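First up is the structure itself, then whatever we jot down about it.
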Amino acid sequence: MKYLDPTAVVLFFVVSLAGIVQHSFLLQLNSDWSERLFQAYALGVGYDVMNGAIFSMLAVISPFPILFRKIFFSILGLGLFAFLFTDYHYVLIFGTHLPFSTIEYLNDSGAFLSSAAHAVNDITFWILFVSPSVMLVFMLWRFGKKRNSWKEDFKCRASTLLFIILIGGPAASYSNSYVSKNMENPLTSAALQYFYYSKDREPDKKILRPEKSLKIVETLIQGKKPSGKIWDNYPLVRIREATGCIGQNHSELTKILCTTADRPNILILFLESFRAAEVGVYGSKLGLTPEFDRWSKHGILYKNFFANGFQTRHGQVATYCSLFPNYGAAVMKRYTGNSFMCLPEYLKNSGYYTSWVYGSDANFDGQSTFLQKLGFDKIVDEFDFPNGSVTLGWGLSDEDLFRKWETVLDSEPEPFFSSALTTTNHHPFEVPDNYRLQAGDSVTDRYRESLHYTDAMLGGFLKRISKKPWFKNTIIFVTADTSSYQNAEQHTNNYEEFVNLHSQVPLLILSGKSTALGKKSEGLIITQHASQVDLAPTILDILRKKYIVPWVGRSLLNSVDLLTDVPQRAFTNRPGAYWAVIEEKSRYYRENDQRDHFFGDQDNQKGLHLKEIGSSWIETIRWVLQENRVWPEK
């Protein structure tokens, strides 16, 4: 290093190497080895070399004394390596690099301790954090010697700058030429670049009233506009007639759901990250869900049901409020001052007792405050559970959750509406030893173990409550908050299969009436496409009442909107990666906000129409949340 700046060279070498090692770990996650895969890996390595050059450049232009430079760049390097380690484990769970929006969870960092504790016990902690940290500190202090004169120092910095340009320049040029096409693929992008670029995905700047999008959306919402000038400012609000259980609509579905009492008890159960791909009745051969499969023969199973987003908060907003979630900062945090009219409040105003049960801290992500605002009378979380409850990873065990929920339901006056969210099937996917499948210790193996455990606890819960006197007057919706980004049982053959894998979730509807089905049949299977926003309208349709709500979903009891002749369709979104509008005969998928995929009906105009619908919904929801135009102030 006689003719180069030693601090800059050390930074270039160690930072580049740390990034390359992380990308090598990401590479081995893929089982479909191909030339294209190694081309993707090369793009990622290009970013790693570029980042090494950036850090090296900082050292070259740094005017500070040698001791300060050693201390400063040691700390900066340790921070980078900690970030790379955290980012790698985020990719294992969610399939993308760590986005900028995660900084809003810094105040909730305690909820991540279980995941962090598991991660630091992994070999990657030593390889991605400890090893490069030790290497960097040792080399900085070993080789970072002071130059004898300012002229000698200047020459070394100048030659180092030339070295950086010659080595880092081509790498940066090659990888950046593909940046817009490959940012969502962890293998073709780098953690630092993704973190930076993702901050502009949902910009904070206001948008103007999207007149064209609003006109399109207004033709899609079920119901009639209410009269009165006040409603002109709330484009989602409609008067809805409960037609599903009234008139000539006597399908097998309505015979089951419409023969309960006028005000049945309603339960909504979210199974954390319970992806359809691992469920037997959805085609999995893994045998992980015998209980769900068995109970599906006693109920109504939707084979094409989708989560509207990719996080728990998205699933809750979509289900409780029949509102497509925003995908920047959480509705539960950014829009707490907005006015909403959601299912819990409507049922509460109709005489229902409402409760929400969770096996972790309800304050996480602002849930407790927001859910009470939505109309839940009672919030039950980990602090209300009995002593001796078992902690498994993210929260209390699903067994304890179901036991507690059962106790809550037994104590509530009828009619009641209650919802629960499980936690065991959340990273780090911890299960009791007797539920270990011994298939391995990868994240995917642990995910499957926890899903299997959750299924077993679900079966026990359903068996117990089916014997309760209140169950005969109860309808329960069993679904998931989101899908999962774990490795698939089988490779996907096209983009439609890819989206289905990462967005499709189960939906099983059980009631006192439906449990008799299993004695003679395989249950009722429905293939129409739907998503979480359709659950709230379905529930109010069952109540047989006219209602005014700002909801975007449509009742599952009607396969076609009688007023607009719009077929039932599903909408799903994973910002930056894809969004989709899905009907039975035509399906449109938008990849990376750049590429179109059409499936089914090959009419190009139909595909473009679905594309226009999807983009209009995204823009409209963003605007109504920004302007507080969901529902009038109360």
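We count from 1, first residue shown onward.
Placed from the backbone N, Cα and C atoms, the Cβ positions cover glycine too.
Nobody curates TrEMBL annotations by hand; they come from automatic prediction.
Residues 1, 41, 44-45, 47-49, 51-53, 55-60, 62, 66, 69-70, 73, 77, 80-81, 84, 87-88, 91, 124, 127-128, 132, 135-136, 139-140, 143-144, 157, 160, 163-164, 167-168, 186-187, 190-191 of the same chain, all 6+ positions outside the transmembrane segment (7-26), place their C-beta atoms under 8 angstroms from a C-beta of that stretch. Under the heading transmembrane segment, TrEMBL lists 7-26 (among others).
Annotation comment: TrEMBL describes 38-59 (among others) as transmembrane segment.
TrEMBL lists 71-91 (among others) with the feature transmembrane segment.
Positions annotated as transmembrane segment by TrEMBL: 123-144 (among others).
Sequence annotations record features per position, and here TrEMBL assigns transmembrane segment to 156-174 (among others).
Taken from TrEMBL, the feature domain 'Sulfatase N-terminal' applies to 264-543.
There are 24 other Cβ atoms within 10 Å of the Cβ belonging to Glu272 (Mn(2+) binding site). For Glu272, Thr312, Asp481, the entry in TrEMBL reads Mn(2+) binding site.
The Cβ of Thr312 (Mn(2+) binding site) lies under 8 Å from the Cβ of Phe270, Glu272, Asp365, Leu421, Asp481, Thr482, each on the same chain and at least six residues away in sequence. Per TrEMBL, active site is recorded for Thr312.
Mapped onto three states, the DSSP output places His426 (substrate binding site) in coil. For His426, the entry in TrEMBL reads substrate binding site.
If you take every residue in the domain 'Sulfatase N-terminal' (264-543) and average the pLDDT, you get 91. For His426 (substrate binding site), the number of other Cβ atoms no farther than 10 Å from its own Cβ, over all displayed protein chains, is 26. In this view, Asp481 (Mn(2+) binding site) is surrounded by 26 other Cβ atoms within 10 Å of its Cβ, with every protein chain counted.
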